[in-house]
Amino acid sequence: MDRIRIVGGNALNGIIPISGAKNAALPLMIASLLTSDTLTLENVPHLADVELLLRILGNHGVDIAVNGRRERQSGSYSRTIHFTCRTIVDTNAPYELVSKMRASFWVIGPLLAREGKARVSLPGGCAIGTRPVDLFIDGLRALGATLEIDSGYIEATAPKGGLIGASYTFPKVSVGATHVMLMAASLARGTTVIHNAAREPEVVDLANCLNAMGAKITGQGTATITIEGVTSLSGARHRVLPDRIETGTYAMAVAMTGGDVTLEGTDITLLDTAVEALRRAGAEVSAIEDGIRVIGHGDAIRPVDIVTEPFPGFPTDLQAQFMGLMTRAQGVAHVTETIFENRFMHVQELARLGAKITLSGQTARIEGVQRLRGAPVMATDLRASVSLVIAGLAAEGETLVNRVYHLDRGFERLEEKLTRCGAIVERISD
């Protein structure tokens, strides 16, 4: 099992290219099931989750070509992938694949919309709470579908003639459930109105792609989205938006270690709340042509309290990284998690590096320390693992991050990008 070895103490200076967003790429890839034409996606990142979803889509009958050729990957960062699903050959999504990644459960929407039936295993993925599928089930039932849970699978059937448009209000904001409803309702009969919809940029990106395919969606980016169902969707070409979580992660790394880094190919408007928190912490963050410039001051980090919230609030996927930054703040900061339960598993590992963190319910109290010291640590999930890398960059001595397969799920060539900016980071294969 691979490990990441980090020797801390170096400021980051240079250019880091930002990859396409995993959280946008996955639903866009799944949308290829909605059409028999070719959907071409540009800026798709090289990630373990993407590779797994390619396998899942292949099982359903999607023909996949990378950069116009049948190859696994090129030598560059993000790539172009062509998806063609002339016929859906299997409406079953098996446990052995779906259990490895929660987002693969989202195929239930397109399968139900296009084929009228689906048998999908209950999902897996990061161990950060229960994340129930009730919102997905209730939303699809509102469109007329019949859904039953049997032996760990959801058996879904559309009414005769297909799904039926309806008005539905999510009791809780859910990005994944909004994705599924957008895809399913695009081919439903009549008009669907989603209330309390997720407003995340990745939801907007999916809606824009579906519209390019011939869907009729309005209101994306607001809490109310309207979808006028169409009889079929066509192919399209769409570019995956930049990864705002990767952007914020590297920005926090620069703020913590010091230095001057250009984050290339990203958009500052995708993470206004996180940028504001970084500025309050003392980092200089500014928009430049085709990117963001971040200047960090390392030892002059100010404490900042944050609360995670659905977009446009502070992203839960940057909570662990920001907590890592606050371990070096000059004072006491508080981080409150409102999206997921059990998302403080990185606290014990940060403590191994010398962090002073105490928990009270869903709030962490971080008392900044003058220095962190390297130590062996264990990655517990995707975002927690990268917070340990950030902390290791600022720690004295050597940090070994174990179980880095979590990193490979969401960060494209992380050690390569950091090394280019002066960090001492290497992957060790046992």
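Easy rule for this one: first residue shown is 1, then count along the chain.
Keep in mind that glycine also has a Cβ here, set from the backbone N, Cα and C atoms.
Keep in mind the model is a prediction, meaning the values are calculated, not measured.
What Swiss-Prot says about this protein:
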BINDING   Lys22, Asn23  phosphoenolpyruvate binding site
BINDING   Arg102, Arg131, Pro132, Val133, Asp134, Leu135, Lys172, Val173, Ser174, Val175, Asp317, Ile339  UDP-N-acetyl-alpha-D-glucosamine binding site
ACT_SITE  Cys126  active site, proton donor
MOD_RES   Cys126  2-(S-cysteinyl)pyruvic acid O-phosphothioketal
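Annotated features, which come from Swiss-Prot, shown on the structure.
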| residue | record | Cβ contacts under 8 Å, 6 or more apart |
| --- | --- | --- |
| Lys22 | phosphoenolpyruvate binding site | Pro45, Leu47, Asp49, Val50, Asp243, Ile245, Arg409, Gly410 |
| Asn23 | phosphoenolpyruvate binding site | Val175, Glu200, Glu202, Asp243, Ile245, Asp317 |
| Asp134 | UDP-N-acetyl-alpha-D-glucosamine binding site | none |
| Lys172 | UDP-N-acetyl-alpha-D-glucosamine binding site | Leu135, Asn196 |
| Ser174 | UDP-N-acetyl-alpha-D-glucosamine binding site | Leu135, Phe136, Ala198 |
Indicate whether Ser174 (UDP-N-acetyl-alpha-D-glucosamine binding site) is helix, strand or coil by DSSP.
coil
What is the total of other Cβ atoms whose distance to the Cβ of Asp317 (UDP-N-acetyl-alpha-D-glucosamine binding site) is within 10 Å?
23
Does DSSP put Lys22 (phosphoenolpyruvate binding site) in a helix, in a strand, or in coil?
helix
Within 10 angstroms of the C-beta of Arg102 (UDP-N-acetyl-alpha-D-glucosamine binding site), what count of other C-beta atoms is obtained when all protein chains are considered?
19
